[in-house]
Amino acid sequence: MQRHTGPGAGAVVATVFVGLGATAAAVLGSGAGWVVEQLGAALGTASPGWLWPLVAVLATALVAAGAWPLAVAPRAAVIRAAGRAWLTAGLAAGALTALRAIPAAHHEAYLAASALVAGAAALLVRGARGAVPPRARVLAAAAGLVVALPWLWTGALGGVTETLLAVLAAAAVGLLAARVLGPSLWQWYASSPALLVLGGGTVAAVALTLLAAGTGHAGTNLAELLVLPPLGYALAALYALSLRLRGGAAPAAWLVGVAAAGPLAFTDPEELTILLATGRDAPAWAAIAAGLSWLLAVLTAGAYGVWLARRSARAPRRATALVTAFAVVAAGGAVHAAAGQPGLHGERLFVVMREQADLGGVAALGTGAVNRDARVAETYRRLVATATASQAGIRAALDDARLPYTPYYLVNGLEVAGGPEVRAWLAARDDVARVLLSQRARPLPAPPAASRGELTTPPAAPWNLAAIGVPRVAGATGAGITVGGSDSGVDGRHPALAGRFRGFDDSWHDPWNGTTAPTDRNGHGTHTLATAVGARGVGVAPGAQWVGCVNLARNLGNPAKYLDCLQFMLAPFPPGGDPFTDGRPRRAPHVLTNSWGCPEVEGCDTGALRPAVDAFAAAGVFFVAAAGNTGPRCGSVDAAPAPYPSAFTVGAVGDDGRVTDFSSRGGGKPDLVAPGAGIVSALPGGTYGALDGTSMATPHVAGVVALVWSAQPALVGDVERTRRLLVDTAVPVTGPCGGAGAGRVDAYAAVTAARALR
């Protein structure tokens with residue numbers, strides 16, 4: 001019989017404080033790292049590569065400072081065992097945390113590295129090993145699946161490679177947990193069920209907290225911090241079962257591995273961002289799943305404690321264990337099939353071809369309505385011809401490889417379903433310029449809640465329209481001009497917009513959800529388009545017509561979705577039509593308002609969409625773009641399409657006439673500014689509300705262009721002369737880093753100058 005010295009009161013108190021400190025270090029380190037990362041995303045700056053390695057070093061040092069003395073100093077073996085478990089878990093978690101230096105966009109690489117590091121750490125951990133009886137393994141896996149059930153409802157799997165690597169990483173973490181929480185820990189708590197479950201379970205919970213902090217990329221690990229720690233108590237009960245069945249170890253690998261797979265496999269860390277924190281999007285569903293998992297883990301621990309750990313408890317029969325596991329698996333399958341998002345929803349790749357269309361000489365076809373239509377048609381013809389010819393080889397290769405793809409012409413490229421291995425293969429082709437990631441948001445259990453405004457009637461005298469001279473403009477309302485809006489959608493039944501929808505079968509496109517009539521749950525697109533062309537006193541050009549497209553139903557897009565809408569704007573097509581063959585370029589809108597940007601996190605590099613914006617300029621379509629909301633930092637105009645010379649980029653001013661702090665600036669942009677703070681416009685459900693942003697400023701300028709072109713039809717399609725006119729008539733505004741451009745747009749002065757042209 002093993003003899004050991006019992007712990008004194010001082011040692012117990014010290015152990016409690018060390019456990020609390022280790023838990024705090026893990027939780028606070030994970031939370032602080034995520035917050036810093038998200039602040040960078042909100043400000044448009046990438047988090048430094050040393051952020052997570054620094055968090056790892058600091059958290060590991062704090063854990064080790066408390067756990068190492070416990071592991072070597074106390075006379076009581078039970079205290080030393082706890083210290084060793086926490087020290088080992090803390091060191092392993094530090095190594096795993098540092099892996100978050102791998103960008104979340106390369107999730108497959110991160111998961112592979114996590115699996116390797118966790119597996120290697122498991123092999124390095126020394127200690128006694130014991131057998132786990134089959135019945136204990138089955139019940140452990142069943143408990144892990146119970147805890148993972150909420151993720152089968154709220155989450156969605158990624159691609160094949162990503163899913164397999166997530167399962168492998170979860171299995172490696174489970175194996176690591178089994179080595180950290182081996183027989184050398186549990187043996188000191190086996191003298192009584194209460195000591196085993198409450199004492200040993202608490203020590204295990206602290207160790208699992210440390211491992212959870214290192215499991216998953218930023219955001220995912222926050223969910224693991226709720227999922228894994230309560231399982232320490234269930235693991236203690238399963239150890240009691242293992243002993244009763246003449247085993248010698250707790251089935252931690254099965255319990256922890258299966259439970260950890262929930263967040264790892266069913267979430268995308270790129271979606272656990274504050275950019276999607278408004279409404280019921282991925283972060284909200286992840287929080288719901290994590291909370292439910294925690295509750296199920298607590299209930300499972302209690303049930304297993306009562307069922308398995310009591311002195312009088314009998315080991316369940318093999319049939320009972322198998323039936324329990326089968327019932328849980330069946331429940332999980334039913335939940336995922338009936339209420340979840342079954343199937344694979346991996347990221348895509350956007351392949352940019354080396355050859356892009358030559359549009360030289362198109363502008364020479366002239367201006368005015370008739371010539372502009374001819375320019376759009378010629379632009380469309382050349383773009384389609386170039387893409388069709390140059391993509392023949394790569395399309396054949398993709399067909400042979402049975403890889404799904406969607407071709408594009410506005411930027412000569414293709415969106416391809418594939419992971420890192422496909423990316424490497426495509427990038428090696430001579431006809432490919434580069435291969436970008438095309439972020440695909442995974443589906444949700446339910447659409448985000450519809451946005452509503454706080455007002456039911458429009459303002460009597462909007463300050464923003466008065467500030468740019470709209471009430472002084474007489475005889476020009478935008479009649480004869482069509483404005484195209486690519487955004488979250490449009491509430492086509494809103495009183496401010498319903499009467500000016502162009503109609504027919506080529507005025508609405510929704511590549512996100514396939515809706516056939518103008519719809520908007522978010523409200524952003526309704527607000528911006530109404531500022532450009534809305535009636536009831538909210539729009540700059542209420543006589544203009546509008547067409548719409550959904551390029552950002554959720555606040556995380558990708559190059560392909562942006563191009564889906566831009567191609568529709570250049571050559572509208574009917575529902576289900578082929579953009580290459582069914583486009584109607586002569587139905588292209590005259591002016592485009594674009595209150596969106598494609599940053600690196602969505603897959604765009606600085607030049608990803610430039611051929612598209614240049615094509616609109618050649619076609620005589622006026623392309624207005626928002627500068628962005630990452631000011632006042634100089635050089636903050638960095639997300640496509642705002643930096644492009646062919647885009648007419650707009651910053652924001654407040655009602656005091658000054659450039660707002662949030663307005664992006666630098667690099668010769670914006671071209672000018674417009675009201676963008678406290679702008680009241682239409683929102684879904686017939687309501688109105690105030691929003692801030694360069695998104696709100698941009699449609700003011702699009703509306704002014706509509707006024708100018710309706711007042712002077714000779715300017716239609718003359719993008720360069722219209723740009724000069726807007727710049728020359730702007731009201732001077734000063735701002736650092738060229739943040740005001742040429743000044744504030746002046747609708748009255750611009751229309752007056754346009755009418756004076758000969």
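We number each residue from 1, going along the chain as drawn.
Yeah, the Cβs are placed from backbone N, Cα and C, and that goes for glycine too.
Remember, TrEMBL labels are computer predictions, not curated facts.
Beyond the ends of the transmembrane segment (12-35), by six or more residues, the same chain brings 51-52, 55-56, 58-59, 62-63, 66-67, 70, 79, 82-83, 86, 90, 93, 97, 100, 202-203, 206, 209-210, 212-213, 218-219, 221-222, 225 to within a C-beta distance below 8 angstroms of the stretch. The feature transmembrane segment is assigned by TrEMBL to 12-35 (among others).
Among the features that TrEMBL reports, transmembrane segment is placed at 50-73 (among others).
Annotation source TrEMBL lists transmembrane segment at 85-103 (among others).
Residues annotated as transmembrane segment in TrEMBL: 109-126 (among others). Residues 88, 91-92, 95-96, 99-100, 102, 162, 165-166, 168-169, 171-173, 175-176, 178-180, 182, 215-217, 264, 420 of the same chain lie 6+ residues outside the transmembrane segment (109-126) yet bring a C-beta within less than 8 angstroms of a C-beta in it.
Under 8 Å from some Cβ of the transmembrane segment (138-157) lie the Cβ atoms of residues 163, 227, 231, 234-235, 238, 241, 251-252, 254-259, 261-263, 265-267, 285-286, 288-290, 292-293, 296-297, 300, 304, 308, 316, 321-322, 324-325, 328-329, 331-332, 335-336, 339-341, 343-345, 442-445, all in the same chain and six or more residues away from its ends. According to TrEMBL, the transmembrane segment annotation covers 138-157 (among others).
For 163-182 (among others), the entry in TrEMBL reads transmembrane segment. Residues 85, 88-89, 92, 108, 111-112, 114-119, 121-122, 125, 127-130, 157, 204, 207-208, 211, 215, 232, 235, 249-258, 260-261, 264-265, 344, 346 of the same chain lie 6+ residues outside the transmembrane segment (163-182) yet bring a C-beta within less than 8 angstroms of a C-beta in it.
Outside the transmembrane segment (194-216), and at least 6 residues removed from its termini, the chain residues within Cβ reach (under 8 Å) are 19, 22-23, 26-27, 29-30, 56, 59, 63, 81-82, 85-86, 88-90, 92-97, 114, 169, 173, 176-177, 180-181, 185-186, 188, 223-225, 227-237, 239-240, 256, 260, 263-264, 267, 269, 301, 305, 309. Residues or ranges marked as transmembrane segment by TrEMBL: 194-216 (among others).
The transmembrane segment annotation in TrEMBL covers 222-241 (among others). Sequence-distant contacts of the transmembrane segment (222-241) (same chain, at least 6 residues past either end, Cβ-Cβ under 8 Å): 26-27, 30-31, 34, 133, 135-136, 139-140, 143-144, 147-148, 181, 186, 189-190, 193, 196-198, 200-209, 211-213, 215-216, 249-252, 255-256, 259-260, 262-264, 267, 272, 286, 289-291, 293-294, 297-298, 300-302, 304-305, 307-309, 313, 315-316.
The transmembrane segment annotation in TrEMBL covers 248-266 (among others). If you look at the transmembrane segment (248-266), the same-chain residues 6 or more away from its ends with a CB under 8 A from one of its CBs are 111, 128-132, 136-137, 139-141, 143-145, 147-148, 150-152, 154-158, 163, 166-167, 169-171, 173-175, 177-178, 180-183, 186, 208, 211-212, 215-216, 220, 223-224, 227-228, 231, 234-236, 238-239, 242, 286, 289-290, 293, 297.
Annotated transmembrane segment per TrEMBL: 286-307 (among others), in sequence order.
Feature annotation from TrEMBL assigns transmembrane segment to 319-339 (among others).
Annotated domain 'Peptidase S8/S53' per TrEMBL: 478-734, in sequence order.
Taking a C-beta cut-off of under 8 Å and a sequence gap of six or more, Asp487 (active site, charge relay system) has these contacts in its own chain: Asp520, His524, Gly525, Thr528, Leu529, Gly548, Cys549, Val550, Asn551, Leu552, Ser595, Trp596. For the recorded site, Asp487 (active site, charge relay system), the DSSP three-state label reads strand. The active site, charge relay system annotation in TrEMBL covers Asp487 (among others).
Look at His524 (active site, charge relay system): DSSP puts it in a helix. TrEMBL lists His524 (among others) with the feature active site, charge relay system.
Among the features that TrEMBL reports, active site, charge relay system is placed at Ser695 (among others). Following the DSSP three-state reduction, the secondary structure of Ser695 (active site, charge relay system) is helix.
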Residues that sit under 8 angstroms from Ser695 (active site, charge relay system) by C-beta distance, when 6+ apart in the chain: His524, His527, Thr528, Ser595, Trp596, Ala626, Asn629, Gly676
C-beta crowding around His524 (active site, charge relay system), within 10 angstroms: 22
